[in-house]
Amino acid sequence: MDTQAFRRSLHHSDRYNRRGFDSPTKRAQALEEAYQSDLITSIRNNSFTYKKGRLNIKLAQAFGFCWGVERAVAMAYETRRHYPDENIWITNEIIHNPSVNDHLRKMNVKFISAKNGIKDFSLVSDGDVVILPAFGATVQEMKLLHEKGCHIIDTTCPWVSKVWHTVEKHKKHTFTSIIHGKFKHEETLATSSFADKYLVVLNLEEANYVSEYILGRGNKNHFLNKFAQAFSNGFDPDKDLDRVGVANQTTMLKSETEEIGKVFEKTMLHKFGPEKLNSHFLAFNTICDATEERQDAMFSLVDEDLDILVVIGGYNSSNTTHLQEIAINKNISSFHIDTPERISVKENSILHKPLKSEMVLKKNFIPDGEIKVGITSGASTPDKIVADVIEKLIAITK
């Protein structure tokens with residue numbers, strides 16, 4: 001399928017909208033009313049610090065809603081106002097934030113159901129309005145919705161679209177796309193649908209494994225079993241890893257994406273020599289600015305003398321879990337929560353989710369005496385949620 005030609009055709013359809021309905025000023029005002037916090041604004045204006053009694057708060061200097069998320073959420077709300085009586089569907093969570101998605105449900109936006117990873121579009125009819133979330137949608141989903149005669153509201157983050165352009169470039173020049181991401185993540189599913197041959201690698205360990213295979217040090221059956229579900233149909237590692245380009249899920253750890261790019265550049269340099277490198281490796285630049293800023297701010301935050309650190313964001317939010325990884329790697333006692341309700345003021349407890357683990361209840365999580373708490377949040381977390389967490393910490397330390 002010529003995905004570029006399809007996208008061009010879709011963009012010229014009178015049933016496709018990727019700009020929204022409100023002016024930038026009205027959009028900003030609506031978001032400010034819904035999600036901004038005077039407390040957070042005050043803390044930002046005070047060098048990201050706050051003190052109340054024995055509680056000392058240090059906020060990361062970049063956290064919370066990014067531009068792409070703000071745009072997607074605003075467009076989703078605008079869509080209901082613009083189509084007050086129509087059936088409105090969304091193909092997935094608009095962003096990985098439970099409060100925002102719950103608000104859409106209260107606005108009678110229906111979420112496409114899925115079973116075993118297969119979405120059921122049977123209830124979507126001609127003339128219905130369908131929102132594509134910030135992560136994007138697969139090209140097959142877009143084609144299906146277009147053929148059904150739906151009004152498509154595309155809130156895909158422009159940084160995600162940039163990655164799609166990258167893998168389409170790989171396809172045009174017959175390169176296999178190596179995508180740094182989680183193969184079941186909505187964004188990676190969308191990105192891979194625009195590729196021809198692709199392989200998804202989760203981390204540096206998997207990238208090094210692929211590198212060894214390219215250099216002739218691996219077993220094909222083991223390779224195929226290890227990456228089952230993470231490569232394109234008909235993928236043959238003996239043929240499809242001679243020419244590779246790297247792309248990424250925009251919310252992955254920036255430093256690891258860069259390392260993975262270096263791994264494959266060095267691998268192709270070793271196998272084919274400098275004179276043929278450009279024929280076998282395509283450089284990339286698909287790291288999202290907002291992801292980079294939040295991770296850099298987190299690296300600065302963990303250098304502070306913190307007693308504990310609270311990371312706020314959806315449990316299925318990739319960018320949030322990577323922020324937590326940074327804290328863990330610095331051996332800081334950190335707690336990942338998705339909503340302020342995970343904190344009990346009465347019990348001085350926090351119900352949190354450690355990495356790759358089930359929920360854990362930590363009692364007496366705020367110790368006696370002076371305490372310095374670091375706080376950050378993922379790109380899908382509104383300021384009001386962060387403020388509500390801080391208010392609970394204030395109440396505990398009174």
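Here, residue 1 is simply the first one shown, and the rest follow in order.
Note that Cβ sites are derived from N, Cα and C of the backbone, with glycine treated the same way.
It should be emphasised that the depicted structure is a prediction, and the values quoted were computed from it without experimental measurement.
Secondary structure at E187 (active site, proton donor), as computed by DSSP, is helix. Counting every protein chain shown, 26 other Cβ atoms lie within 10 Å of the Cβ of E187 (active site, proton donor). What Swiss-Prot records for E187 is active site, proton donor.
Around the Cβ of C288 ([4Fe-4S] cluster binding site), a 10 Å sphere holds 26 further Cβ atoms from the protein chains shown. Per Swiss-Prot, [4Fe-4S] cluster binding site is recorded for C66, C157, C288, and the stated evidence type is sequence analysis.
When other Cβ atoms within 10 Å of the Cβ of T250 ((2E)-4-hydroxy-3-methylbut-2-enyl diphosphate binding site) are tallied across all protein chains shown, the result is 29. A coil conformation is recorded for T250 ((2E)-4-hydroxy-3-methylbut-2-enyl diphosphate binding site) in the three-state DSSP classification, outside any helix or strand. Marked as (2E)-4-hydroxy-3-methylbut-2-enyl diphosphate binding site by Swiss-Prot on the basis of sequence analysis: H96, H185, T250, S317, S318, N319, S380.
Here Swiss-Prot flags H96, H185, S317, S318, N319, S380 as dimethylallyl diphosphate binding site. S317 ((2E)-4-hydroxy-3-methylbut-2-enyl diphosphate binding site) falls within neither a helix nor a strand when secondary structure is assigned with DSSP, and so counts as coil. Taking the Cβ of S317 ((2E)-4-hydroxy-3-methylbut-2-enyl diphosphate binding site) as centre and 10 Å as the limit, one finds 25 other Cβ atoms among all the protein chains shown.
Taken from Swiss-Prot, the feature isopentenyl diphosphate binding site applies to H96, H185, S317, S318, N319, S380. A C-beta separation below 8 Å, combined with a sequence spacing of at least six in one chain, links S318 ((2E)-4-hydroxy-3-methylbut-2-enyl diphosphate binding site) to H96, K182, H185, E187, Q249, T251, M252.
The maximal spread of the (2E)-4-hydroxy-3-methylbut-2-enyl diphosphate binding site, taken as the longest Cα to Cα distance among H96, H185, T250, S317, S318, N319, S380, is 15 Å. The binding-site residues shown are C66, C157, C288; of these, the one with its CA atom nearest the CA of T250 ((2E)-4-hydroxy-3-methylbut-2-enyl diphosphate binding site) is C288. Nearest in space to S380 ((2E)-4-hydroxy-3-methylbut-2-enyl diphosphate binding site), taking C-alpha to C-alpha distance over the binding-site residues C66, C157, C288, is C66. Of all Cβ atoms in the shown protein chains, 26 besides its own fall within 10 Å of the Cβ of N319 ((2E)-4-hydroxy-3-methylbut-2-enyl diphosphate binding site).
With every protein chain in view, the residue among the binding-site residues H96, H185 whose Cβ has the most Cβ partners within 10 Å turns out to be H96. Distance from the CA of C66 ([4Fe-4S] cluster binding site) to the CA of S317 ((2E)-4-hydroxy-3-methylbut-2-enyl diphosphate binding site) is 13 Å.
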